[in-house]
Amino acid sequence: MVWRTLGASNFSTCPNGSVQWIWDVFGECAQDGWDEASVGLGLVSILCFAASTFPQYIKACKTGNMDQALSLWFLLGWIGGDSCNLIGSFLADQLPLQTYTAVYYVLADLMMLTLYFHYKFKKRPSPLSAPINSVLLFILGTVCITPLLSSTDPVAVPREGFRGRTLLSVEPGNKPFTKKEVIGFVIGSASSLLYLLSRLPQIRTNFIRQSTQGISYSLFALVMLGNTLYGLSVLLKNPEVGQSEGSYLLHHLPWLVGSLGVLLLDTIISIQFLVYRSHETAAASEREPLLPS
């Protein structure tokens, strides 16, 4: 594995030692149980984010109304946030594993966007427009990402701490922000803002439709779980040597806001699922014919 060759050179910089495989794979200096728990939660959060879109793919194929159920601005905001993470993974010299994970998230978002336009164009008169435009959209996104992926340089670089879906990070320490840190902080803030703003159009769409039909709740449930675990993984990690807790939280503030802050909006969407589904169940029971006496 490419990222495995990057860990041996600076293992001595870990003051109290580290779990070897955690250092080899992530370059993370896991000094105690808190750091190990942080890495474990981060890994589970990645699995949650990676699996979150599959239920929506299945739901879209079953219902065929994804273009009505999901807000386009929700999808664009989501892919915008993940794209910022992808850009930041290159600017901040992230590990190849983290970069490939960021690429996967963007490709998963492109697949969601492809399904959206597939069902939107499918309603047009030309029967060929839907598959052609969907395939072209996915190919275009893949072509745009492939040069970035192929340009990943496997030369050893300063190692960042382990991250979940939000891959951007900055150097530890109490010193003022460097230019590189400022760029990462700005991109991370933009990413968090896009994640937050993306929920508002979806909440509005659900409210206007008074329905959540066509949306898989597993999409939001897994994202909520992933964001919770990621936020906890950041909070559980020990600050670096010589770094205060306040400095650590300040350096990671945008990503904490992007993960834990969005939970409030996802909770609102969860409430919409409960309310509108109860209405739909009641309406369906009213439409059932009365049994003959």
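Cβ atoms are placed via backbone N, Cα and C, with glycine included.
As recorded in Swiss-Prot:
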- 34-100: domain 'PQ-loop 1' (DOMAIN)
- 191-243: domain 'PQ-loop 2' (DOMAIN)
- Asn10: N-linked glycosylation site (CARBOHYD)
- Asn16: N-linked glycosylation site (CARBOHYD)
- 1-37: topological domain 'Lumenal' (TOPO_DOM)
- 59-71: topological domain 'Cytoplasmic' (TOPO_DOM)
- 93-96: topological domain 'Lumenal' (TOPO_DOM)
- 118-127: topological domain 'Cytoplasmic' (TOPO_DOM)
- 149-182: topological domain 'Lumenal' (TOPO_DOM)
- 204-214: topological domain 'Cytoplasmic' (TOPO_DOM)
- 236-254: topological domain 'Lumenal' (TOPO_DOM)
- 276-293: topological domain 'Cytoplasmic' (TOPO_DOM)
- 38-58: transmembrane segment (TRANSMEM)
- 72-92: transmembrane segment (TRANSMEM)
- 97-117: transmembrane segment (TRANSMEM)
- 128-148: transmembrane segment (TRANSMEM)
- 183-203: transmembrane segment (TRANSMEM)
- 215-235: transmembrane segment (TRANSMEM)
- 255-275: transmembrane segment (TRANSMEM)
Using DSSP, how many residues in the domain 'PQ-loop 2' (191-243) fall into helix, strand and coil?
39 helix, 0 strand, 14 coil
Examine the transmembrane segment (183-203) against the transmembrane segment (38-58) and state whether at least 3 Cβ pairs sit under 8 A, considering only residue pairs 6 or more apart.
no
Across the topological domain 'Cytoplasmic' (276-293), average pLDDT on the 0 to 100 scale:
64
